[in-house]
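Below is one structure, written out as structure tokens; comments come after it.
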Amino acid sequence: MDESRRNFLGATALGLGTLPFVSPAAAQTTDAAAEAAANDAVKPSAYGASTAGKPLDIISLDRLDTAVQEVIPEAGYQFVSGAAGDEWTLRENRRAFDDFRIEPKRLRGVSSDVDLSIDLLGQTLPFPIFTAPMGAHGMVHEEAEVATARGTGMAGTLYCSSGASHRTLEEIAEATQGPKWFQLYWNNDIEVTKSLLKRAKDAGYSAIVLTADALGPGMPDDFKAMGAPFRQDMVFGNHDPERGGSGNFFDQKVDLDLDAIKFIKDQTGLPVVVKGLLRGDDADRCIGAGADAIQVSNHGGRQIDGVPASIAALPDVAHAVNGRVPVILDSGVRRGIDVIRALAMGANAVAVGRPVMYGLGLGGAQGVQSVLEHLGQDLRSAMLLTGAAKLSDLDPSYINLVGPSAEANRS
Ligand SMILES: Cc1cc2nc3c(=O)[nH]c(=O)nc-3n(C[C@H](O)[C@H](O)[C@H](O)COP(=O)(O)O)c2cc1C
Ligand SMILES: O=C(O)C(=O)c1ccccc1
């Protein structure tokens with residue numbers, strides 16, 4: 001391996017300090033992982049990341065959280081599962097769905113072959129659910145993003161590739177037969193940013209996602225308390241090998257403005273999705289600046305604690321967007337009824353983060369496929385029980401908004 005590429009944590013412009021590595025030799029194989037070694041399906045490496053490859057029998061996505069702790073290293077689990085600060089926003093991302101009470105419609109002749117497919121920026125998805133951009137999959141599985149992308153493609157849906165991936169964007173692009181978008185973390189060196197955009201376009205990504213809400217990797221307290229041990233043998237693969245020096249993500253430009261949207265469009269000719277908005281006025285500004293889609297998100301609660309749940313922010317954003325561009329929602333989506341609530345309140349699709357990572361740990365590519373297909377099936381039965389014959393039927397008439405989310409949207 002090229003030594004300069006190992007050096008990706010050199011830049012600490014974000015004040016993160018030097019993040020320590022876990023060397024494979026020093027890393028202790030966990031008891032759980034040692035136990036799992038007895039199981040043919042799971043062969044932990046020295047670090048302990050999973051090598052599982054099997055479909056999963058899923059009861060609910062929430063239950064994967066407990067199961068995955070048996071097969072991935074403690075550091076990986078703390079990194080993925082945790083969130084910023086007191087994790088109030090993380091909890092709120094789940095709780096606030098309860099404010100969106102479903103008011104089902106009966107005897108409407110809804111059949112079980114409901115068409116769940118959608119068109120999103122010119123691509124067809126089998127259901128309005130896809131894999132959110134997440135970095136550092138090597139913390140969870142030896143095959144890292146290559147397995148996640150393959151599994152997402154096996155489910156036929158969209159893989160959004162993180163700009164902080166452990167594998168290169170080209171390797172990831174090759175791994176999936178399905179639609180793919182590239183999420184950009186803008187580098188301080190504009191030549192690196194341009195080169196990433198060119199590489200993404202050349203590799204066949206069909207849209208660029210500009211993440212607008214992140215300062216650095218999520219740093220949950222429990223992960224910091226472990227010394228934030230990122231893996232030594234992993235490389236953030238979107239680093240530009242030609243340029244040496246620090247890796248892409250850790251030299252991120254944080255003072256971006258609306259000009260970034262036009263720049264990406266000019267460089268690539270691809271549609272731009274702005275991810276990480278929680279306000280209608282921001283959505284309006286971004287559309288004015290050329291955004292082709294808006295992703296309502298609080299980054300799974302991993303960046304700033306104390307902000308509202310994504311679902312609570314959705315009505316205001318959807319109202320401002322007013323159908324001009326597609327709206328995507330992520331953060332806390334775990335069940336079919338959550339997808340119904342999001343779509344009824346104006347989203348066109350949802351993205352899912354942590355459950356996909358847990359599927360990756362528990363079953364590799366096949367586990368990822370199981371997670372996405374499970375949610376698709378759960379949506380299908382939720383549609384029947386809600387009495388909605390097609391996705392376009394879903395509108396606010398199916399929802400009674402109560403509690404804090406109703407208060408927040410009363411204006
Ligand atoms: C481990 C992890 C890594 C993430 N990395 C990125 C990233 O590189 N870029 C990005 O835009 N969002 C990133 N996110 C945020 C997700 O795209 C998404 O907003 C969030 O996970 C959705 O919430 P959920 O996990 O509750 O589904 C990450 C989330 C997790 C859990
Ligand atoms: O942790 C995150 O949320 C995130 O965006 C990220 C950034 C860099 C590396 C890994 C994850």
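Glycine residues also receive a Cβ, built from the backbone N, Cα and C atoms like all the rest.
Whatever TrEMBL says is automated annotation, not expert-curated.
If you check TrEMBL, you get these features:
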DOMAIN    53-404  domain 'FMN hydroxy acid dehydrogenase'
BINDING   133-135, SER162, GLN183, THR211, LYS275, SER297, 330-334, 353-354  FMN binding site
BINDING   TYR185, HIS299, ARG302  glyoxylate binding site
ACT_SITE  HIS299  active site, proton acceptor
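With every protein chain in view, the residue among the binding-site residues HIS299, ARG334 whose Cβ has the most Cβ partners within 10 Å turns out to be HIS299. Taking Cα separation as the measure, ARG334 (FMN binding site) is nearest to HIS299 of the binding-site residues TYR185, HIS299, ARG302. The average pLDDT the prediction assigns to the domain 'FMN hydroxy acid dehydrogenase' (53-404) is 95.
Less than 6 Å separates the Cβ from ligand 2 in the case of GLY135, ARG302, drawn from the binding-site residues GLY135, ARG302, ASP330, ARG334, ARG354 in sequence order. Cα-Cα distance from GLN183 (FMN binding site) to HIS299 (glyoxylate binding site): 13 Å (rounded to the nearest whole number).
Separation of the C-alpha atoms of ASP330 (FMN binding site) and HIS299 (glyoxylate binding site): 8 Å, rounded to the nearest whole number. Fewest Cβ neighbours within 10 Å among the binding-site residues PRO133, GLY135, GLY332: that distinction goes to GLY135.
The closest partner of GLY332 (FMN binding site) among the binding-site residues, by CA position, is HIS299; the full candidate set was TYR185, HIS299, ARG302.
For ARG302 (glyoxylate binding site) paired with PRO133 (FMN binding site), the C-alpha to C-alpha distance reads 13 Å. The two recorded residues LYS275 (FMN binding site) and HIS299 (glyoxylate binding site) have their Cα atoms spaced 9 Å from each other. Between HIS299 (glyoxylate binding site) and ARG354 (FMN binding site), the C-alpha separation comes to 11 Å. Each residue contributes its Cα atom, and for PRO133 (FMN binding site) and TYR185 (glyoxylate binding site) those atoms are 11 Å apart. Secondary structure at HIS299 (glyoxylate binding site), taken from DSSP and collapsed to helix, strand or coil, is helix. Across the structure, ARG354 (FMN binding site) and TYR185 (glyoxylate binding site) are spaced 20 Å apart at their Cα atoms. Between the CA atoms of TYR185 (glyoxylate binding site) and GLY135 (FMN binding site) there is a gap of 11 Å.
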